[in-house]
Structure formats: structure tokens, C-alpha cells
Amino acid sequence: MVDQSLIELKIYFLTWTGSVFYSMYQCHLTSDRYSQYLSEDLVPGWKWVGRNVDTSDFEWKMWTPIFFRWLKFVIPYLIISLTIKRRFPKIVPLVSIAMSFCWLWNMLGLHLTIFTFIQPVLFLWILQLFSLHCVWILCIGFTLALHSSLFTDLKAGLFEEDSVREYLFSVLLAWTHARSISYLVDTRSDGHHNKLMNFYHYCFYLPLLPTGPLILYRDFKFSMENPANQQCSLAHLVKSTALIARYLFWWFIHQLALHYFYHSALQYHIGIVRQFDVWSAAGLGYTLGQFFMTKYLVLYGLPSALSRLDHVDAPPPPKCVGRIHLYSQMWRDFDRGLYNFMLQYIYIPFKGTSDKALPKLAGTAMCFGFVCIWHGASNAVVRQLLLFIFIHIFLKVS
């Protein structure tokens, strides 16, 4: 006798999968129908495809050229690191720091590179002279200043309308601040503040430098000090190479799909979206989330795979949003490095050992506040923050 529950699950699976593909197909057709109104965001794409490509996704547009210039430095670093790590492990941090400095110099210029490299020492001095709270305040102040309109003229003169340099500098500074806090907290009790080599190696570790994902210093230190990671076997090389090829494949798929789906451009034309039928609107909503996930699958996955080749176990990339049905899972499993950072350095310190609702809500509110500032504290982000806090409080109370 056939298990009815198995048949029912197969029906659900086929219905869901068929609906997703059909809605995405309708979104593709609608994208073509309204493409004449999206000309400012559509440019000629790959010649062999013969279609325009959607370039309205600012992050993807910025990171693609950055990644190719970054790989020119990462590949030589990995070759040197894997060659000398077993016999001369103490030289590897120097090589990583030096090549990171050269890459930043190539991307940002000497003055901005020196400014970025000053940050860890600055925070170390502030911790020694004042407290960790002052370090937090300065980091948050820097982040707000990067996104503030008060410094528009200063940034315009500093970057000379080079949006790639401006964007990369703001992202690198935010990552450096987060890594500095992780290092200072994790080494606060062992008296290792004076080991600047470890500090700089962690903050400017080249494979994870541009996009992350964020790895806590305790995990980075464990990977570096694990004796098993000093050897590079053929099996490790094959597995890591296959993982790198996987994320390069998804970069290709994402870029290819942008020739057929203009979802990113359509979201800025509300009047057009209001004319969509139900299936096209559903396809647009699904593709917005799915392409956002594949973008960060590449942005986090490729650096993570390269660091794994170097025996550094960085957090994995996001899970597929198509199989996540709880928002709590999205919170934990999309940016796992940032989640671990907020859990260890914000939520747990604020909540303490109490299991009462009020300390938990206070810790949750601080995490949402940090996310809000991390993403620029724009009006849209603030509205989403307030909505999520309300939903979280409602779920806790109910």
C-alpha cells in the first residue's frame, strides 16, 4: 500500500516548484514587455547572449570589478601561504598583511590605506586609555559619519566621484571596526593586546578582507593554531578547488540571469509594478529574494572557499531563502558571521544570565539597532527595524 503522506508531499512539492517556475517565467515575459521603460538601467550584455543586462543592482555592479582586481592578489597570496605555511608559519601573517596593504593601496590610494591601517591601533589605544564602551561609541560614530549627508562635500572631494572607491572604503572600514571589536573582546582576559601582528593579521586577512563573511577572532585563532591546518593534502586541494568552482559557477549563473530578469530595475518603477498580474507580481517578489540570496552566496561564498583553501574555516554563505519558512531562521542563517558577532558581543552581554522577557527584549532591540546603523540608518531601514521589533515583541508576549 502506498503511503498517502508521501504522495501528498510529492503533490505539494510539484505544485510549489511548478508555481515558482511559472511565476518566474511570467516575470521574465513582463520584464521584456516593459524593458523600453528601463533603458537607463539596461545596457548591452554578453554578445553571445544578445540581450541587455540589468545593471541597477548597485552592490553587484560595484563588487564584480572589485573581485577581479582582488583575485589578482589573493591567488599569489594563497600560493605563497600554502607553500611556506608548514615550514615557516610565522612568515604567513607578514605576507598576508603586506599583500593586503598593496591591494588596498591599489584600490584606495596610499592615504586612505594608511587611514584604514591606523584603525586597529587607534582602538587599542582607546581601550587602554578608556574602556571598551568608548571603542563601541567611536565605531558607531564612524559608521554613522560614513552614511551621513553632513559629510557629502568632504566625501566628494576625497573620492572625486569615484563610487567604487567610496563604496569599498566604507565597507572595509565597517569590517575593520567589527573585527577590531572582536579581537579586543576575545583577548581582553589573556593579556595579548600587545601582539599587533595577530591583530593586523586578523583584521586584514586578505581572502576575507573585502566582503567577509565576518569570522570571530576566537575562531580565526583556532584555525591558525590548529596543527592539522599546517598540512595541505591533495584531497584538501581538490575539495577546496571544487568549492571555489561552485561559487564561480553561481557568479556566472547570476550574471547570465540578469540578462533575462529585470527585477532589480523594475522595483524602482512602482507604476509599472502596479500593472502586473498576480503571477508576474509573485514572480517579481520571488526573484527579488532569490537573486539577493545568490548575490551574497557569491560575495560570501567565494571568499569563504578561498579561506578554506588556506585552512581558515569562515562561516558558510547564506542558505537558500526558498527553503526558509521562519524569519528566525533567516536572521540566523543568512549572514551567519554578523549573527555570531551580534550574539556574542551585543545580545549576550545585554541579556546577561537572566531568562526574563525584558532583558531578552533589550538585547534584541540593541541587535536591531546595531543592524540599523550598520546598514546606514536610512528611513527605510528604520521603518523595517521598528516593524521587526514590534513583531518580535508580539511573538514574545503571545
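Each Cβ is built from the backbone N, Cα and C atoms, and glycine gets one as well.
All TrEMBL annotations are machine predictions without curation.
The feature transmembrane segment is assigned by TrEMBL to 66-84 (among others). Sequence-distant contacts of the transmembrane segment (66-84) (same chain, at least 6 residues past either end, Cβ-Cβ under 8 Å): 91-92, 95-96, 99-100, 102-103, 106-107, 164, 168, 206-207, 209-210, 232, 302, 306, 309-310.
The transmembrane segment annotation in TrEMBL covers 91-118 (among others).
Long-range Cβ contacts of the transmembrane segment (124-146) within its own chain (Cβ-Cβ under 8 Å, at least 6 residues beyond either end) map to 170, 173-174, 177-178, 180-181, 184-185, 188, 193, 196, 199, 370, 373-374, 377. What TrEMBL records for 124-146 (among others) is transmembrane segment.
Summarising the annotation, TrEMBL assigns transmembrane segment to 197-217 (among others).
Taken from TrEMBL, the feature transmembrane segment covers 237-258 (among others). Beyond the ends of the transmembrane segment (237-258), by six or more residues, the same chain brings 45-46, 49, 53-55, 57, 60, 64, 264, 291, 294-295, 297-298, 301-302, 305-306, 308-309, 317 to within a C-beta distance below 8 angstroms of the stretch.
Tertiary proximity for the transmembrane segment (278-298) is limited to same-chain residues at least six positions away from its ends with a CB under 8 Å from its CB atoms, namely 19-20, 22-30, 57, 59-60, 247, 250-251, 253-254, 257-258, 261, 263-264, 266-267, 317-318, 320-322, 334-335. Annotation source TrEMBL lists transmembrane segment at 278-298 (among others).
Annotated transmembrane segment per TrEMBL: 366-395 (among others), in sequence order.
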